[in-house]
């Protein structure tokens, strides 16, 4: 390895031509943000280091590319600088903004993830406009927000696709590069001073990559304010590479090179000519870099920035109020539900088909003794299978959850307006899905006459569907994978159906677990009782087992008590009230789970840091 190009790499580099940043500091220190990091270490459980003693900086008005082979720590560095490191990681070293340790407030920075989590049924104009409504303060008028949204769309070169739907699975829409630019549009609406991009060209061809990055490069002089832009990149084209000002090259969590792109000569590539270099090569490259003039200039630049200091970051920018957030999330979610066939429309078609089949199978059900079992079977099918199928909208909800997680993590809004918006937007669709199939199922067989009985039947069906959706919301917050979520949700519902009191009478259920507490927390218990009370109370049937001393008829109340052993001490309205109370409980549980997630992460992070306090992977002396 002696005398090889890997050893000479750093020494052959010219002094940093872009390092005459004294004038640049004077220009941008008041408006932009200087980001520096020094002796930055990030370790995970067991003390394994991910980042090892990194040092560098990012100037306003410049683009910094973080590059290296897969698994070298690019995303970890980006997440750490943006304050997004996971709870199971431990961070050491200094990260300073304008030479100060200070938190990034809302609106100061923006983070564009690698995956484009977007609502595919919206147009570009709608997606960016609704995001503007959510992020920008109520002091701005709707016309001002609309103007900001359209200006941002034009800045990213999407003016010709404003009214094109984003598109997704099974729906033609934007190209991959256009979707990436929509994601960037959404995050720069607040005019952030820091912009982090995690592999913004991932999955794009060279032409789309160049167009995306050229648009990003045009932002760094936005409104005569230098934006500090840091992007992790993986194998960019030569054209894209030349758009960057500085390069930060990593390998195995160590700095191989940091300096101007213009000074990065072919010697860097030689170290990676045969793929990921060995540990021996990496160590040589790192030592070569740290002994170079460029490394010393980097340390001087970091010290100069810290010494010169600068203003504190502005306080968190104001967002829209709770009412505005709830209103706009409700409207956006309603549009999404109305356009997404998989959310409710496909389910409505299947429900109508099943309702026709049910009505045909149980047509002219009558009032003879055989109709007792027929009515019970029909009501059981309605309360189980029709409500069970409400999990069909789970994949669409998971996609909406991905958008919610991205927007919540970026500070656009909180959990409460999301829950309110999702609930309000789903009400008309659930009412429609309950009313139309419910009417067919109710009137074709000729169930209990009277519109008050029919309305109660529909309301019970509506409440059960909403309960299943609420349950699946909780599942989605714990199991974000839609396939595993459907399996888990179906398993929970299957257990509730089994202990609900129809397949096995309540008095015969094993008392530990199955009756106490499962029978009482299964919503099917109250759905069965409400539907059966609504149907049987007030009806009489012939008593085929009547003797000389027995009545020739049997009442519906008697059937409910003796045959199905339902609790008759309270009316059907109590069962309905319990169902609606469970809806509220499930939605509140979803809210609590999501609200406590970030707090739990913080607690875990503190616990892990305390656990690892005496388990540093490398001693400070070795560093």
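Keep in mind that glycine also has a Cβ here, set from the backbone N, Cα and C atoms.
Note that the structure is predicted; figures quoted are calculated from it, not measured.
TrEMBL tags one of the stretches 314-337, 482-505, 506-529 as transmembrane segment, and that stretch is 482-505. In TrEMBL, the feature transmembrane segment is placed on 573-593, out of the ranges 552-572, 573-593. Remote same-chain residues near the transmembrane segment (454-476) are listed as 382-383, 386-388, 390-391, 393-394, 397-398, 401, 422, 426, 430-431, 433-435, 438-439, 442-443, 447, 482, 485, 488-489, 492-493, 523, 527, 530-531, 534-535, 572, 576, 579-580, 582-583, 586-587, 589-590, 593 (criterion: CB distance under 8 Å, separation of at least six residues from the stretch ends). Contact between the transmembrane segment (378-398) and the transmembrane segment (482-505) holds: at least three of their C-beta pairs are under 8 Å, each pair 6 or more apart in sequence. Of the Cβ pairs linking the transmembrane segment (418-442) with the transmembrane segment (344-366) and spaced 6 or more residues apart, 3 or more are under 8 Å, so the two regions touch.
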